[in-house]
Amino acid sequence: MSSESEIPPLSSSTAAAEESGEKTSKKAAKKEAAKLEKLRRRQEQEEATRRTASISLEENDEFSNNYGDVTLTELQSSADPKAGKWIEAVEGKEWTDVSDLVEEMLESEVLIRGRVHTNRPTSNKLGFVVLRESGSTVQCVVSQSEKTKVGANMVKYLKQLSRESFVDVIGVVTLPKEPLTGTTQQVEIQVRKVYCINKSLAKLPLSVEDAARSEADIEASLQTPSPAARVNQDTRLNYRVLDLRTPANQAIFQLQYEVEYAFREKLRFKNFVGIHTPKLMAGSSEGGSAVFRLEYKGQPACLAQSPQLHKQMAICGDLRRVFEVGPVFRAEDSFTHRHLCEFVGLDVEMEIRKHYSEIMDLVDELFVFIFTSLNERCKKELQAVGKQYPFEPLKFLPKTLRLTFEEGVQMLKEAGVEVDPLGDLNTESERKLGQLVLEKYNTEFYILHRYPKAVRPFYTMTCADNPLYSNSFDVFIRGEEIISGAQRVHIPEVLEQRAGECGIDVKTISTYIDSFRYGAPLHGGFGVGLERVVMLFCALNNIRKTSLFPRDPQRLSP
């Protein structure tokens, strides 16, 4: 999803299907809300019973200071070290991340915090709890012992802790008798004290353990007496807070951050300046109907489809090289695996010295750097994603392949695929061309340039040697378009003419066009969707997996 691309409207039949799907979705949402309300009432009753039981445990236990629910006073960050047993227990101690628990810490006392991932009591005197912090897990053992001041009531208390409850554990690092297969850490914690910061509902709308299973594991379980649950996409997104806790999702958003970080890092090194453009506009930045319209103090306005116009105006303001990481809004009805109505755009604009190939040079250097950074810096995260969603590493060349649009059309023609030489490539043609490029050049990342002018935005510069083509390009990963870029028209009269041809009211972009009347440099740039970069790098099947809280034609919450 590049922040410069335009998406064709759906057919009437598709729109009708989506309207029907939306009605079904609303009914399902009401049903889901009713179920959740019923669940909430039941949980309130269970909570009252649990608290009563917890109090009775502590009243008859000489070691009651070593466990229990943290009080509200303590949670309000009381400065009094005697405000409660939890504050007294953790006073002066430093928390250790679960991921840092290693054999070198044997016999050390540690304070850790995490969620109850699994809770497995084996007797009234012994229990095992796996604690999870982000994607890291460690086994905690609670064993009744006078010597360690762990009583039977403490074991019972741990039995009551529901999955996903948030707890602090103080204990000693030891080695298990046998290597552990169900945790990321190969040490275990002998529990001395445990305090619950916040309890989770006993019955959750989805299990994090279920949500973390790979499709292969689910299929294999179907052949057993206890088949695993498959958590569908709508359920995941309805309860996104729970879904985000899986190791794969934790890794996906670490990878997303790394893409953004590497993007900023390289561009800063290349003397680019980060900018922030307005998202409220008087007109439409791209033209067409895919705009979120609203009223702005009595004036018609819209949400920006891209920072296109303002990043060009920044160049006219002599900032020379700029980039932006920010939200992009598209009121499209495309309910596909790769389109969102709101996404994060990575946009670049720069002066051109001589030829628009300078922009493609930057794309080449920038994205080879990003891909290399992901492979070198994020091995653990890529492994976590691959465990649930297996994929082959992206194939890319040190020097990115460039083909002209005409060369791409010819490759398709030779493969028996007929396309309009002056039209755009549809999804099937893009995938086929990606397959052909992989077979011939052994790369899944390439640039296709000199697109027909008719399929590009109004501000795209025409080719010098053929007015039917433009100084523009798209970039592809695994057969899907990911970046759109071009040299821009910097001559105001030509801009006015092209805007009119594209159905844009020139008055709504008059300040944009006027900025070129004061002397404007040759310039160009590109835009790419952050979510789509991560989706295609990891070969994921849906962009909603790489959007924290996705917005599509049918989803406005959570």
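Every residue gets a Cβ built from N, Cα and C, even glycine.
The annotation compositional bias 'Low complexity' is assigned in Swiss-Prot to 1-18.
If you look up Swiss-Prot, you'll see Ser2 marked as N-acetylserine.
Residues annotated as compositional bias 'Basic and acidic residues' in Swiss-Prot: 20-50.
Marked as DNA-binding region by Swiss-Prot: 110-195.
The L-aspartate binding site annotation in Swiss-Prot covers Glu286, Arg330, Ser484, Arg488 and rests on similarity to another entry.
Marked as region 'Aspartate' by Swiss-Prot: 308-311.
Other Cβ atoms within 10 Å of the Cβ of His339 (ATP binding site), summed over all protein chains shown, number 19. Look at Swiss-Prot and you will find Arg330, Ala331, Glu332, Arg338, His339, Leu340, Glu481, Gly529, Leu530, Glu531, Arg532 tagged as ATP binding site.
The Mg(2+) 2 binding site annotation in Swiss-Prot covers Glu481, Ser484.
When Cβ atoms from all protein chains are considered, those within 10 Å of Glu481 (ATP binding site) total 22, not counting its own. Sequence annotations record features per position, and here Swiss-Prot assigns Mg(2+) 3 binding site to Glu481.
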Number of Cβ atoms other than its own within 10 Å, given for Glu332 (ATP binding site): 22
Between Arg330 (L-aspartate binding site) and Glu481 (ATP binding site): CA-CA distance (Å): 17
For ATP: widest Cα to Cα gap among Arg330, Ala331, Glu332, Arg338, His339, Leu340, Glu481, Gly529, Leu530, Glu531, Arg532 in Å: 19
Spatially closest candidate among Glu332, His339, Arg532, the listed binding-site residues, to Ser484 (L-aspartate binding site) (Cα to Cα): Arg532
The region 'Aspartate' (308-311) - residue tally per DSSP class, helix then strand then coil: 4 helix, 0 strand, 0 coil
PLDDT averaged over the residues of the DNA-binding region (110-195): 94
Three-state secondary structure, Arg330 (L-aspartate binding site) (per DSSP): coil
